[in-house]
Amino acid sequence: MTRNSQNLKKRRETKVQDKQDFYKLVAMNQDKLSESSFAQTQQSGPEYMRMHNYKNIQYTADLGIGQPGNTFKVVLDTGSANLWIDSNRCQEEGCMRHKQYNHEDSHSFLPLNQELNVEFGSGDLKGVVNADTVYFGEVTLPRQNLAEITSENGAIFRDLDFDGILGLAYPKMAPKNFNPVFDNLMDQRVLERNQFSFYFAKDANDIAHSEFTLGGYNPAHVDGDIHYHDVIDKYYWMIKADNILVDNKDIGLCHGSCRLIVDTGTSIMSGPFDDLGTLLRTLNVKSHCHEINTLPTITFKIDDVDYTLEPEEYVKPTNFDAAQLTEVNEGDDLQALIEVNNWDCIAAFMPLDIQQPQGPAWILGDVFLRKYYSIYDRDNDQVGFAKAKK
């Protein structure tokens, strides 16, 4: 490998910085955290929450902070674990385009004043971690850790229609003693089932029918059998694929097996740089833009179950995706994708090398999750898939 290649791969690694220790802070505030007013013990069945569909790029839900009516649009992201909210502490242009949280307006605010910096694949955030009461659907979560954004870098945070990110990955990904929202729910035992699930509308103009289910899943959106797959690393929602096939042929994308990260916060798909190059060259999308139906299928074989994407599901015309993909995926990674596929139409994949020990891995983003209803089961540490039904 040349030095330039090594540098290129290094730039494509995504890192999560995790250096904070909240033990002393929690101990210092233990009297406040243990007040009876913070307890909520009544269990509830599944709750169906409407999500907002923004051009099939992102899906958001409403989250109340400080009081129920003070709502923010948050991306429900299974690929991260922290709760980030735009804050009036951030005076950058990108922050000021969105609704901003002001902790001085909240009577339930609890200062912790711990700095937090995190890199995403599409930008980075800096903030200060404090705590406040959060209203998630019909559930009230006192003393929920949240990071008030003080600085943001990346077009995705500046240009898209959301005010924050609610991470739903495992607590191992969060800084020490930073309790993710769903783990707070589990600790308070407010759900009959420690599960959540997603239905993503397929039509970019359908802004009303996407749905998040808290505490189970909605059978109305399930077409056929549900197949469950074990989580193999309790960091991401990571499962193992037996193989990835192109028109049912093995082209060497999985070397014995592949790791798959199920990520509702990623609008497209991603794969290791070299393997994705193999896939895109095999597809040769640029030569088939006017006859997309002649392209091959892509099948993710998981525990002997085939999950197949048809070409019309993974290929988008430029007038649909070009500007949007630029917003979400600025930088060299997108340029490499463009060079392989040209701009007449584009395969909805992005090269991304995830560093060990979690990587290398492929990401199943919203392109996959629009076709397959997804269930995330913390009781059994499994991900379930079924063909989605409107």
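Even glycines carry a Cβ here, placed using N, Cα and C.
Per TrEMBL, the features are as follows:
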ACT_SITE  ASP77  active site
ACT_SITE  ASP263  active site
DISULFID  CYS90-CYS95  disulfide bond
DOMAIN    59-386  domain 'Peptidase A1'
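Here the features listed in TrEMBL are painted onto the structure.
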residue	record	CB count, 10 Å
ASP77	active site	23
CYS90	disulfide bond	22
CYS95	disulfide bond	20
ASP263	active site	26
Problem set entry | Distance from ASP77 (active site) back to ASP263 (active site), taken between C-alpha atoms, in Å | 7
Exercise. At the Cα level, what's the spacing in Å between CYS90 (disulfide bond) and ASP77 (active site), rounded?
Worked result: 22
For this session: Quick one: pull the CA-CA distance for CYS95 (disulfide bond) versus ASP77 (active site), whole Å only.
Result: 19
